[in-house]
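Per TrEMBL, Cu cation binding site is recorded for B:His152, B:His157, B:His194, B:Cys195, B:His203, B:Met208, B:His353.
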Amino acid sequence: MNEVSRITAADQTAGPARKSRAALLWLILPMAALGLAIVWLVVTNPLQRFGNGAPPVETLTFERTILSDDGIRVLVRAGGSEPMTIAQVQVDDAYWQFTQDPPGPISRGSTAWIHLPFPWVLGEAHAINIVTNTGATFEHEIAVAVPTPAHNATSLLSQALLGVFVGFVPVTIGMMFYPALRGVGRDGMDFLLALTVGLLAFLLVDATAEAFELAGEAAAIFQGQAMVWLAAAASFLLLMAVGRRQGAPSGVALATFIALGIGLHNLGEGLAIGAAFAAGAAGLGSFLVLGFMAHNITEGIGISAPLLKKRPALWIFAALALLAGGPAVVGLWIGSLAYAPQWSALALAVGAGAILQVIVEVAAYLMRSDGRGTTALLAPATIAGLTTGVAFMYGTAMLVKV
Amino acid sequence: MTKWGPFEITRRGLLWGGVSAAGGSVICASGSSLAQSDYSAGHSAHTAASPLLGHGSAHGAMITVGDVDEARNGFETAKLLTEWDTGTVSRLPDGRNLRTFEVEAIDREIEIAPGIMFPAWTYNGRVPGPSLRATEGDRLRIVFRNLGSHPHSMHFHGIHAARMDGVPGAGLIDPGDEFVYEFDARPFGCHLYHCHALPLKRHIQKGMYGLFVIDPDPARHPELTDIARSRLLGTPENAEWQEFAMVMNGFDTNFDNENEVYAVNTVAHAYMKRPIRIVRDRPVRIYLANIVEFDPINSFHLHGNFFDYFDQGTTLAPTLKTVDLITQCQAQRGIIEFSFKDHEPGLYMFHPHQSEFTELGWSGMFDVVEAIA
Ligand SMILES: [Cu+2]
């Protein structure tokens with residue numbers, strides 16, 4: 001170290017210039033090597049040896065389906081090794097006239113709308129089968145044909161209203177238990193915190209499973225599985241780092257993280273409901289709304305649990321409710337306007353990472369809140385809370401599944 | 001009925017409601033749930049769209065989009081109907097005709113529907129292969145050269161020796177080789193030839209088949225000379241007839257053992273888009289064969305008319321009289337005869353009565369006119 005500084009001091013004029021030149025050289029050299037490698041690849045084309053006359057690999061993913069008075073529209077994304085050409089389209093095993101926008105071959109990763117003036121039948125199933133120029137076929141099932149709602153201010157407003165009902169309202173109702181919960185003793189506290197962990201654990205499993213399912217539907221180019229893992233891990237680590245800047249979070253900070261985790265999950269739920277709107281909202285009944293509401297009331301109780309020993313201002317509760325419930329509205333809008341499975345998967349994965357962070361923090365809080373450490377995790381009240389949390393979430397989730 | 005945003009929630013909806021939000025992409029209703037509530041409204045709404053579908057042919061919007069590049073294909077679908085390969089004829093020492101055909105197996109990518117390319121194996125570069133036509137009693141010599149990438153053969157539905165059968169060990173040849181099939185033309189009728197290399201299904205489905213018609217020799221059928229003469233290509237009686245070669249086929253483009261394209265003479269909807277012109281007063285004769293793979297049965301149905309049918313074409317009297325639908329099993333074939341002379345001019349459809357085949361390309365029209373200008 002001394003050696004270096006002495007040399008630098010001795011050669012003060014030429015030193016920095018030579019050093020930067022040397023640095024530049026070490027930047028240019030690998031770049032040049034890369035350039036040469038590319039030139040060699042292009043000139044000699046060693047991949048040609050592997051070419052065996054096989055047709056190009058083709059994949060086509062259906063991202064959106066819109067049913068209206070003038071027929072069916074589907075948005076497809078190409079994921080082939082080369083640009084793909086749609087030659088013909090069958091609907092229910094019949095060749096049907098169609099128009100493509102934009103026309104021509106669809107390059108890797110890009111999308112095109114296919115419009116079919118097909119007289120679809122309300123409430124019945126239809127199958128769309130796209131035939132490419134190589135004869136490969138890609139099928140898409142419309143399970144129940146219903147008109148896709150058009151978007152306008154009114155529909156966006158009513159979606160927002162629905163979002164408020166499935167997100168904000170139940171979280172607020174859950175928080176209204178706050179005064180009643182304040183009087184609970186140590187066991188009650190253990191129970192409530194464990195209940196929070198339980199419900200979050202359910203959401204973690206649920207969100208992850210859904211994220212993977214949606215990732216499976218997305219175009220291969222998005223590498224759904226890897227994307228879900230990476231997004232979840234990244235959001236988990238990021239939130240852990242942010243949350244631990246001032247030591248382990250507790251009180252309002254911990255409640256905020258719980259609200260954020262739940263909010264991200266509600267964003268994913270909103271996307272799913274929004275996608276249901278986009279798909280024509282077949283069967284989007286009151287049970288769905290009621291189910292989500294019951295489901296999310298528990299989330300409100302979970303958010304208030306770390307606040308029981310404090311007495312935060314009312315606006316903090318409002319802000320927390322908004323943070324946890326508000327994203328449902330945003331999710332609904334995005335889901336209905338620009339639905340694509342990969343974006344829903346991404347949102348759910350980020351939410352899963354956030355939920356995992358909250359689970360870790362709530363468990364840590366539970367352990368240190370009265371200095372019992374890991375024994376607190378095995379206390380009867382904790383186990384009861386965990387079980388109740390998971391069971392309640394499982395039970396209410398049944399209401400929103402077919 | 002409660003309005004929930006853009007949705008109407010009915011009692012039914014409440015009872016059946018529920019949705020798989022889990023799947024996220026497409027929501028499948030259990031039963032019909034909410035859909036029922038606005039059934040009538042939705043139905044009338046989309047029925048109103050139907051007139052939009054009315055343009056174009058009798059198929060409306062249910063048709064392939066675009067046109068096939070026939071120059072690239074190397075054959076014209078319209079000409080497949082009337083092109084007969086009668087070979088080259090010479091005289092044998094015993095006074096009989098020696099009829100020599102030349103057939104080559106060629107790998108060729110063909111367009112079977114607009115934009116859909118199919119890597120076919122062909123006879124003489126076309127699918128179906130040339131419609132070979134001979135006269136009962138001719139000595140036939142078929143010089144077959146395999147220019148393709150796989151072993152192939154020609155198996156004729158006719159009477160011949162085992163050595164000429166076109167099965168492995170009897171005329172199945174490797175790429176680059178040549179074989180000469182030789183046998184007498186009998187019995188008269190509407191026959192078929194196809195490749196009998198294994199796997200059989202693949203070689204047939206790839207396009208290796210064609211019509212093999214043997215016209216009756218009037219001299220051998222003294223009691224029905226006139227009918228025999230009307231079948232014999234080249235006679236004035238035959239010239240009166242409008243004869244068409246039709247091979248019902250299909251193509252599995254994605255190797256799932258189901259056909260994505262059905263057709264008569266290969267190109268989906270070809271005769272739908274360009275109807276077959278027929279003159280009203282002249283009788284029509286169709287040499288029809290079914291070579292479709294994967295589906296055991298095909299059929300032929302004519303609109304606005306009835307016809308006589310000669311199963312396998314091996315009789316001079318119809319085997320079925322006054323029918324408008326015949327069915328053919330795989331490799332079954334026959335002759336259809338009808339006339340539109342008492343009809344008004346116009347477009348008359350023909351198609352199989354398997355709706356699925358019709359909708360996947362196998363349908364066409366006769367354009368009945370007073371006279372060809
Ligand atoms: Cu063959």
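Just so you know, glycine gets a Cβ as well, placed from its N, Cα and C.
Listed binding-site residues: B:His152, B:His157. The one with the lowest count of other Cβ atoms within 10 Å of its Cβ is B:His157. Taking B:His152, B:His194, B:His203, B:His353 as the candidate binding-site residues, the subset whose CB lies under 6 angstroms from any atom of ligand 1 consists of B:His152, B:His203. A 10 Å cutoff on Cβ-Cβ distances gives B:His194 (Cu cation binding site) a total of 25 other Cβ atoms nearby, all chains included.
Neighbour density at the Cβ, taken as the number of other Cβ atoms within 10 Å, is lowest among the binding-site residues B:His203, B:His353 for B:His353. All protein chains included, B:Cys195 (Cu cation binding site) registers 28 other Cβ atoms within 10 Å of its own Cβ.
Residue environment of B:Met208 (Cu cation binding site) contains 28 other Cβ atoms, counted within 10 Å of its Cβ in all protein chains.
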